[in-house]
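Here's the structure we're looking at; comments come further down.
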């Protein structure tokens with residue numbers, strides 16, 4: 001009996017292969033002071049690049065005419081709606097009926113501009129007549145949304161997109177329909193969506209070396225606990241940003257964000273950690289852009305090693321086709337892809353049981369991304385995405401937990417920063 005116990009005890013003391021791998025990579029780490037010096041050079045180059053005046057559409061001579069929206073005051077939005085209403089009334093009184101001339105947001109009306117590294121909207125319009133059975137309902141929804149926005153301007157209040165939907169559920173039927181028309185109205189008026197005083201519910205969070213004012217209240221994001229500070233849905237409330245961070249770490253998923261927040265990664269390597277918990281929302285995109293512009297810090301992105309992780313990264317950097325009309329305000333240029341990259345799966349010896357086979361839809365999405373101009377512009381992205389499609393393997397950030405729950409914050413990210421291993 002004693003011999004059996006001793007045997008079991010010896011078995012328990014045998015080294016775990018995963019632990020060996022963790023120690024191996026941890027031994028490659030240099031002192032934190034050396035890594036911080038490396039980061040300082042990145043900060044200096046980013047600040048130098050940020051000091052030059054950014055290019056705008058008006059600086060370029062493009063073969064296609066493009067449109068962009070701007071921030072408008074409530075008075076200006078109200079005046080635009082009233083002018084539009086008067087023209088509709090005149091059209092009806094003249095016996096022509098009425099229709100809305102709506103900027104097309106179809107994929108064929110989008111243009112990637114390499115000089116700006118973002119997607120913009122071309123100037124093609126579509127007619128939305130009331131006297132047509134195929135468009136009468138959408139035309140009615142457009143008129144209703146314009147009426148509701150006018151009310152918000154008069155009262156000078158904000159509502160959520162959900163509030164807007166519930167003002168006329170029978171007409172809108174589904175919130176995606178009222179949301180889509182809200183974007184149409186922004187294009188028609190020529191203003192940003194935030195100028196309409198319609199906001200999305202709070203989704204994104206931020207933690208780390210950042211102090212800012214939220215509607216007059218000073219917020220210290222190092223004292224917000226693990227959960228962090230919810231990103232205000234109204235960017236106009238945010239001001240007076242101060243930070244001693246060396247970089248901004250943009251994280252795709254809440255789970256990885258929580259790990260880094262609990263480990264207080266931002267104290268070991270001064271940084272600001274932000275996440276939209278998946279698909280980027282407008283408030284998080286605006287907040288990230290504001291931090292980048294005001295603090296002049298580099299942005300490093302941590303996303304899953306799958307096509308959707310890269311799509312999320314591209315939305316932050318180049319914009320989404322759905323909101324290309326406002327890409328000037330919503331995109332953050334020069335985001336570095338830190339990880340998890342397809343080449344990391346072998347480089348960091350991610351176990352096979354932690355890798356997932358790509359579905360046919362995953363592979364199709366990956367191949368479609370390879371055809372996008374914003375991917376083709378970056379040879380490193382092309383190489384990584386091609387490797388992913390070839391191996392047909394993907395992995396989530398949490399795959400690193402196979403080496404220990406804190407491997408992400410204690411080994412993987414420090415080593416990445418030390419080696420300046422980003423694209």
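Every residue, even glycine, has its Cβ placed from backbone N, Cα and C.
Any TrEMBL annotation is an automated prediction that lacks curation.
The model shown is predicted, which means the values in this text are computed figures rather than measured ones.
According to TrEMBL, the feature region 'Disordered' maps to residues 1-20, out of the candidate ranges 1-20, 21-40.
Summarising model confidence by region, the domain 'Topoisomerase 6 subunit A/Spo11 TOPRIM' (247-417) averages a pLDDT of 95. Highest Cβ count within 10 Å among the binding-site residues 252, 304: 252. Counting every protein chain shown, the Cβ of residue 166 (active site, O-(5'-phospho-DNA)-tyrosine intermediate) has 13 other Cβ atoms within 10 Å.
Taking DSSP states H, G and I as helix and E and B as strand, the domain 'Spo11/DNA topoisomerase VI subunit A N-terminal' (137-198) has 48 helix, 4 strand, 10 coil. Calculated from their C-alpha atoms, the gap between residue 304 (Mg(2+) binding site) and residue 166 (active site, O-(5'-phospho-DNA)-tyrosine intermediate) amounts to 35 Å. Across the domain 'Type II DNA topoisomerase VI subunit A all-beta' (202-238), DSSP helix (H, G, I), strand (E, B) and coil residues number 6 helix, 15 strand, 16 coil.
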